[in-house]
Each structure stands twice: as C-alpha cells, then as structure tokens.
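Visitor: Pulled these features from TrEMBL for this protein:
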- 21-62: domain 'FecR N-terminal' (DOMAIN)
- 126-218: domain 'FecR protein' (DOMAIN)
- 260-318: domain 'Protein FecR C-terminal' (DOMAIN)
- 97-117: transmembrane segment (TRANSMEM)
Amino acid sequence: MSEEKQGPLMAEDGAGRRLSDEAIDWLVRLGSGRATATDRLAFQRWRQSSTAHEAAAVEAEVLLHAVGETRQADELRRQGTPLSAGSVRRHPVGRRVLFAGAAAASVAAVAVALPALGPLSGLYADHATAVGGRKRVALADSSVVVLNTATAVSVDYSAQERRLVLHDGEALFEVAKDAARPFIVVAGDVEVRAVGTAFVVRLKRVFENVTVSEGTVEVKMGDRPSIRVVAGQQLDVSESDGFKLRVVDVDAATAWQRGKLIFNRRPLENVVAELERYRTGRIVILGDRLKTLEVTGVFDLDDTDRILRTIEETTKARVVQMPLFTIIR
C-alpha cells in the first residue's frame, strides 16, 4: 500500500510525534471533567514552553475540531440530508470551543460503552454477541447459526416452519435439510427462505445483504417478486434500489467466521467502516485522498489495534488512538 502524506502540520520525526501525542493527551485530560486549576495552569506552561509545543497544541485543536465536523457530517448523511458548504457548521477554534467540546467526552464515553455490550435487541433476543464477539449456536434441528459482532437473533420453531429473526448484525446460517419445514430468516423487511444450504445475512443502516456460500435461497421484500440467489452470489436489498445481485468471493465475505478480515484493493474508507464494527469508538480519516488509499491483506480480527498499526507501518498515514476515537491522518 502507498499513500501521499496528508496534512500540513504532520510531524516527520519521533520528537514531533511525541509532542503531538502529548498535546492531544492534554486536551483530552482538560476536557474530561476531572481537570483541576493546577492541570490547566500546567498545560499553559507546557504550551508556552516552546514554539514546537505551541505548534503541537494548535495541531491537536485542529484535529479534534475536524473530528467534530466529521461526526456531524456523518450524522447528516445518515439522516439523508444533502451536504453543502453550509450543511456542516464551522466554528472558530479557540480554547472555549475546544474545552466545551472536550467536556462532552465523559458523556460520550457512556454512548461508546453501551454499544460495546452489543445491540439493545440482545436484551430480548434468544442469542446475542457483544462488539467484537462471535458465537456458534447449535439449534434443535441440527442447523447452526454463527453470530458475528454485535448481533442478535431470535429463534421460533414450529411444526410448520423454522423461523428466525435477525434483529441486528450479521449471522451465518447452516441449514439442516427438512423438506416439511422451510427455514426462514427475517431481517428488517427482507425474508430469506432456504431448504438445505448455507448463507449469511447482514443488516446495515439502509439495506440488507445476503451472501450464499452453498445451495440456493429465495429472497423476498414486501410486494416485490422474489429473487433466487445461488452459491457464490451476494444480494444487496434496499427499499430505494430494490435488488442488486453480484458475484462475490465467498471466502473473503465469510472470513470473519475464521477470525479474519480479507481485503483486495479496498479503499481505506471501506476498510475502516468494516473495522469499526469490531471495536468500540469511532475511527475518523482526515483527508479525502487518504480515504481512497487501496488496502490489500489478511488481518486478524482478534487484534484490531494491530490492524491499525499495520496501516500506519505500511503507509505514511499517522494513527492517533484515544479513549473515544481513533484518528487516521
């Protein structure tokens, strides 16, 4: 992987990186709600001790400010609001703004910690996993469900059918044959029906995704005609775009079962979106060119910090990790 250097304030040497990390640590500490007057005075002395310290403090303020705008833009996109030059409000970067924003860190920590426990639907689902977790469940008919990260599944078997509901996340279904009782998975508005096969269903924010590794499934959404998906195919289903069927590398798409993530020339932005599913907190990329950096490799899901270190070691990107979010720049 290769990438052009991002950011006019990026420090090249070890000393510069150390000062940058110290400045970010200071700002996070001052905004934690536990900082004292002595802490604030110590930071001012640290900042004013040299021009290098002042530059590192300014860089940290710009970074944290950019993260705030990025999160606001992400929220507007989730709401379907078209982005324009005025969509994301810009504020002058100053001590008052910085400290007020950082003071929200203690509140944001709760918002980050709760998702780490898994989806709320896990409270009433039959089976659930936390963020980063995986779980294999053997069902009464010898079928198997493998739950990926932050997933919740309910099981409702009857004499007529085997019905499961995917409330959140992603799961692999290995279906035992039973011609008298169809195997049905419901995910949002989508219904996936199989007799004897293996397939993965994933719920996303705006669409569902079905990947078939063995056999054939029939997918239906609302009043639309159903569509058949065979082994080696993946189907995206959304209310706005309907069905989008394509050939897929099943081994790569289901590598999470083996504790791996496999990418072949995937943009870093997509890699980060996938990585965020397996760890708490946000990962923010600064710089549009960096977002398009192509990533190829096989990564260990059980060590997401190592994945981030690999990205840093094999590119000129800088990864800054903090309790609530990670910045790639």
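For all residues, glycine too, the Cβ spot is worked out from N, Cα and C.
Keep in mind that what you see is a predicted model, and the values were worked out from it rather than measured.
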Visitor: Restricting attention to the domain 'FecR N-terminal' (21-62), give the mean pLDDT.
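Guide: Here the predicted model's pLDDT, averaged over the domain 'FecR N-terminal' (21-62), is 77.
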Visitor: So how many of the residues in the domain 'FecR N-terminal' (21-62) end up helix, strand or coil by DSSP?
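Guide: Looking at the domain 'FecR N-terminal' (21-62) with DSSP, the answer is 34 helix, 0 strand, 8 coil.
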